[in-house]
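A.B. asks: Okay, handing you the structure first.
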């Protein structure tokens with residue numbers, strides 16, 4: 001056995017174990033964290049806040065990704081399931097869902113930071129856009145547009161050379177790569193960064209004019225809760241931006257070189273290593289929002305604890 005073959009086998013085996021462990025951790029920790037986020041964001045005192053509504057939408061789609069997309073990937077990579085290379089329908093639906101749903105999560109987080117930017121503005125008319133009615137309309141708009149702009153995946157993804165992939169060597173390959181780089185990744189994360197900077201500037205300049213999270217007279221407590229909501233969203237932005245870049249490079253390279261049939265075993269193994277690791281870490285970011293964002297903010301941690309106690313007392317009352 002040549003050294004090249006040994007290297008490819010070791011690399012393939014290593015990433016198989018690493019990705020499997022990360023994916024299982026994502027499913028377990030992500031499901032628990034997602035449910036905890038739902039409990040927190042659905043609290044009565046937060047239900048009328050537009051930013052929290054966007055985070056709630058993102059959380060629902062994160063849970064969907066963790067429970068549907070990640071297990072499917074585990075079945076394909078670790079348990080010999082080859083359905084995506086055998087069924088055209090499964091091939092199209094799998095890639096459509098695995099690209100569009102995470103994209104929607106990203107844009108909902110973008111809407112959350114945009115809302116905080118609006119809410120911290122010194123301009124009354126701009127602040128008036130930070131309201132639940134606008135959040136409902138914006139969320140529906142993003143859902144519709146985000147889904148429509150991903151329909152091309154259903155059209156062009158197919159089984160070529162016994163593999164589910166985009167057709168190689170034509171204009172769509174370039175279009176799909178640009179779509180991944182610009183629409184799915186760079187555009188939303190660049191906007192997140194810009195609006196985060198504007199939000200921090202606005203918050204520093206006009207603290208007394210911020211729309212409070214809870215109704216009532218503005219107070220020091222409310223000011224702190226607004227500050228913690230902003231930091232919660234920004235933490236999610238940072239984590240999402242870092243981990244999406246890890247997936248972006250490998251995924252784009254794989255798409256652009258999908259028509260190259262002359263790759264040696266080492267090149268294929270290295271590409272699969274990058275793809276699987278990027279995938280695992282990307283979806284792992286969906287499992288971190290509760291632990292790194294919600295749980296580390298005192299305001300939201302207190303709300304979560306109160307909600308858990310209330311739910312415990314409710315179910316205990318039903319049993320008794």
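Counting begins at 1 with the first residue displayed.
Heads up, the Cβ atoms here are built off N, Cα and C, so glycines get one too.
Taken from TrEMBL, the feature transmembrane segment covers 20-40, 52-75, 95-119, 140-160, 172-200, 229-253, 273-292. The annotation domain 'G-protein coupled receptors family 1 profile' is assigned in TrEMBL to 33-239.
If you look at the structure here, what lies around each of the features I listed?
C.D. replies: With a cut-off of 8 Å between Cβ atoms, the residues of this chain six or more beyond the transmembrane segment (20-40) that come close are 46, 55-56, 59-60, 62-63, 66-67, 70-71, 73-74, 77-78, 280-281, 283-284, 286-291, 294-295, 300, 303-304, 307-308, 311.
Sequence-distant neighbours of the transmembrane segment (140-160) (same chain, 6+ residues past either end, Cβ-Cβ under 8 Å): 85-86, 88, 91-93, 95-96, 99-100, 103-104, 107-108, 111, 166-168, 172, 175-176, 179, 183, 258.
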A.B. asks: Please average pLDDT over the domain 'G-protein coupled receptors family 1 profile' (33-239) for the predicted structure.
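C.D. replies: Averaging the confidence scores along the domain 'G-protein coupled receptors family 1 profile' (33-239) gives 85.
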